[in-house]
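Copied over from Swiss-Prot:
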- 100, 103, 118, 122: Zn(2+) 2 binding site (BINDING)
- 957-986: coiled coil (COILED)
- 6-74: domain 'MIB/HERC2 1' (DOMAIN)
- 430-460: repeat 'ANK 1' (REPEAT)
- 463-492: repeat 'ANK 2' (REPEAT)
- 496-525: repeat 'ANK 3' (REPEAT)
- 529-558: repeat 'ANK 4' (REPEAT)
- 562-591: repeat 'ANK 5' (REPEAT)
- 595-627: repeat 'ANK 6' (REPEAT)
- 631-661: repeat 'ANK 7' (REPEAT)
- 665-694: repeat 'ANK 8' (REPEAT)
- 698-727: repeat 'ANK 9' (REPEAT)
């Protein structure tokens, strides 16, 4: 058994932020002096696992030698109730408490202590945990300070060992910047870091909470300074000790003269005549008060308080019980020694305080003989006795002389009896352990033999598990059936609350679950985490067990302690097969977890398109797709916010999600996509005809958001285009920024391109927010304002939809030079194949204005080399030459310039950024290819293919059809909701009267039908009791 002391250290240490300790000998594993890490777990009382901020994880010593110190234990949640930091007013103090030794009732938290608050000359007590020994420290003025380095504000990070947040960071290896150290929860301060990723996403991640490390530092930052030698050593125990080394349970004598004792007692409890008994009697330390005075209890039952200087620690081993021939052996224990446990229960309870503590389960060991397994650094003994291991105060045991010692006949007989008693105890004391082990190994014969013994407990435990649980997890059906014949408790729980059916689920034993079900086991039983066997089966990926549980009627939608149903877990584990099975069994998609996410929300948040596809295909009610969280977010909001494009497409096209639902801030999914500059989501929503002029709580439309972002990022955009912007402000007709929306690279996102796209699709430029600002008021760039106005005008006048893709198009936009606007485009850029400028402006352009690719070659477009009548107007691929007009190019199978086979012909208008009839990449604009960007960017101005055939006269008719469709959908939704209400409230038998009688199985009918029935019409269980509803 692990000692109470070690259990406490291990429990309280997980999550602590640590630095290298006094016995460090591991080089720069931690990154160097002052670098910080997190306690992840304890391998044993002697070893701790630390994950350093640089990503290194290793075991370190925390007993005997101490490799780490505790810098901040606040993330562990240790709190000192009734205290308050007198500087920052934190109440209660969480982490280490620093109490001024020179001021009355003045405390500091760790941050304020190392931050040099209060007088630096004053000495402080360090109190690591509530009730622990306070340690007096030197004044900070004389102490050395070191700078902490690691995951702090300003540091650069990537995902760490405990990362479980999908691709929020943009993908494995992507970097982000820590902006602030925050609290993951109110009970765990300084346990998280807020990170702004390079892809623009930002969120909070665990750095210490429950020992988790979501991040790894690639460029550390400074986290302030600290007093290294004032930080406690992890694992070093000084609780319940005084400066003299006395502990609770120690035996003490008084060896001083009466006059000296009386003098030392002044101010330490004084002296009375009743204390004379203490001069000749050995007492036991039973307490240490706040002034470090020692409370001693004597055999008479009296307790006296002493100055520690008065007392002398007595010898803990009573050598009188061991023969004199065992010289030297009686004063010291060794591993392997035989020892007898004290008989006196009252005495051993007192002695065990601070030495592993007393447990009622230790009662059978009194007076028994055991063997020393381990000796701890504080001299406590780990003794194996009666088939179990416990930690004892050395004063609570008596050493049995070794077999070879010179003993008297009497003592030799006594030793022989004790050894015989030892072996008898091992045989009888291990019977439950033997039963559990035999059941775990599937040894049917041995289990049967053990069960015949009268002293066996069929529900007895070994290592916290019963024989039934062991057999269930290992799939031993024959053993299970035998145990069931002996009235085993099917619902017995282990320390985690798991029952036999939980163990069967964990071990992937479907046949065991069948046996347990027939035996009457509760398949919906929950453990301490509120998990059912179905939760465990889903999390472990045991599909057959999931099917078995559902076949036997296991409830498919029970929630665990975090509110997650098996559906949530299946989505998290990306198990679409289990998802389908659960939905077919009637799992409720609408149940929300503790964070307010139902299954659809969860799939959208996780960015799991396959799960979303399954959910949408099996939705019992179509409107569930628009269910809101408590903050008003729908699944579409979450997909738009996190840039999960595939999920959003499924919600829009397969789920027919309402595009204009508003959250509590009155934001639509389009607001969120524009705010995060997720161009693909913006395009998807606009093409699906989302309303462009919905206002949020501040009155802002998506266009307001886009232009606000443009203003903030304008300097960076100008820097990207510095080679062009020096010539002349760009004209709206050039569509330069509109082309940028077709580019999917993270560096190419442009709020201005989104703004132009919204305007080109009819966004209102005059609508004002609550501050009285129109979108144009938020745009200080007159050129962009002009572009927006022209895009909007083209939309309203029908020009957007009527652009001809013909090579003979008179569209001046595609013919004008994008730099000077005076000359026509006549220069082919290589290698991208775009035509953007005239020959005079082309030398100034370093990057293609359409795709932003580096320009490596410039070729002026000449006459057709075949007919010499027209200009060359078709780009041959893959050679990249433009040497023939449209008519001549259609006849060629090889390029006349290089004789390469022509695999593809790209029209002039497509090279200019327009849309051509021969563009084979019309649906590939999402992939980000150069041609697809050029072809798709013009398509951005067309919400859907109907735009080509619309005229100004028939738009209202189409709008009316759309409105009628929406009304019909709303009516259908209301009708179905009404039908659901009827099904829930009407009697399922007669279908005429309201349901007002409920049976014990949970089903119900009307009273008239219920009174005539003996079994439930739904589940066919016998009706034991009827309850009327009022």
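Any Cβ shown, glycine's included, is placed from N, Cα and C.
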Beyond the site residues 100, 103, 118, 122: chain residues whose C-beta lies within 8 Å of the centroid, for Zn(2+) 2: 101, 102, 106, 119, 124
Listed in sequence order, residues with CB under 8 A of residue 118 (Zn(2+) 2 binding site) and six or more positions away: 86, 87, 100, 103, 106, 108, 112
Spatial neighbours, same chain, of residue 122 (Zn(2+) 2 binding site) - Cβ under 8 Å, 6+ residues apart: 100, 101, 102, 103, 139
Listed binding-site residues (100, 103), ranked by Cβ neighbours within 10 Å, top entry: 100
Tally of residues which DSSP labels helix, strand or coil - the domain 'MIB/HERC2 1' (6-74): 9 helix, 33 strand, 27 coil
Residue counts (helix, strand, coil, in that order) that DSSP gives for the repeat 'ANK 2' (463-492): 17 helix, 2 strand, 11 coil
Helix, strand and coil totals (DSSP H, G, I; E, B; other) for the repeat 'ANK 1' (430-460): 19 helix, 0 strand, 12 coil
